[in-house]
């Protein structure tokens, strides 16, 4: 098996064809030999019987054996006679030979018991013969006609060989033609392999499937789809890396400035304390940004969800509201949960769905003014998170969800990744996210299924 795996497709197909052709030829030879020998036996047995009947119609009382048993030449002017093809002898009932063909007939042993077809041997000869014994109508004579088995076998072999040897001779020609045709048919695959070797790693150009066999075309199409996905992923990763580097530069620069301020404030405890507090706040923002970057990177690499389960959405929303409640109270914001339906369940990854709801609530609390309310409403086919903030402009609304995008004029801290994470998690779960300005005022996010 390992040896055949190292062979080329052309060689393997040629070997398969050669093996199948050889097996077919052998089976055909066996079947032809069997049928031919049966037909030859039937034909010559009939010939023996007819010749014996013709001899039995002679006037055997008038036969002069001395005049008729002289040998005749086997080679004539325009042909050749095989002395094994046919022989005969005529005996009296007491076993005295009165006539034979002058060749092998004189060596046929007499048998007074046999009648019909029987196998036997000549006197002094080990070769097998086929005999037919018959008694004359008057009962005075015994007639025997014989033929050597080897003659029949040679005849059958000659017939079979005449039919099958031309096919055996044609087999090498067929192999050569097959290898040439395979080489021509596999040429598009060789071009395809060359194109793959010369291809740039980040190229999105699809492979040319012209001339490719239909059996291989799905592979080429799958490769083109893979190249497109790989290119899109590389573009996304490059943009992500560039945006991440840009977003991290500002908080890191701010941390450096606050560190320098703290170092220069040894004589002013109040200024030093303020600088350390701002440094701590900057570290928190940088930590949050890094966490969101890592989360988004992991989500981008996911194609299928693992460890999924049936999740009651009312329990998910209640636990998420309880998690954000303390932070909302510190910001003097009230969070209200309204369950218009009960028993709604969704199949998904619990941690990711919890992260989706938490990001929506965190975004609503972060951008809502003090004294406002964040409403969370569960319906039969969606849930809505709505705040009482100022909302966003139509221009900004069109870009909501883009990575690192924050509407202009925002005073609250943020990285612009929270809603991107929400969209990615929703897509993995087959959900749809819509952002818009609420009719009652404020910004709302609707997650539907």
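Including glycine, each Cβ sits where the backbone N, Cα and C put it.
Swiss-Prot lists 1-12 (among others) with the feature topological domain 'Cytoplasmic'. In this model, the topological domain 'Cytoplasmic' (1-12) carries an average pLDDT of 70.
Annotated transmembrane segment per Swiss-Prot: 13-33 (among others), in sequence order, evidence recorded as sequence analysis. Same-chain residues lying 6+ beyond the ends of the transmembrane segment (13-33) with a Cβ under 8 Å from its Cβ atoms: 4, 7, 156-157, 160, 163-164, 167-168, 171, 174-175, 178-179, 182.
Under the heading topological domain 'Periplasmic', Swiss-Prot lists 34-156, citing sequence analysis as support.
If you look up Swiss-Prot, you'll see 157-177 (among others) marked as transmembrane segment, on the strength of sequence analysis. Here the transmembrane segment (157-177) has Cβ contacts under 8 Å with residues 14, 17-18, 21, 25, 28-29, 32-33, 36, 40 of the same chain, all six or more residues outside its ends.
Residues or ranges marked as topological domain 'Cytoplasmic' by Swiss-Prot on the basis of sequence analysis: 178-449 (among others).
Under the heading domain 'Histidine kinase', Swiss-Prot lists 243-449, citing sequence analysis as support.
Positions annotated as phosphohistidine by Swiss-Prot: 246.
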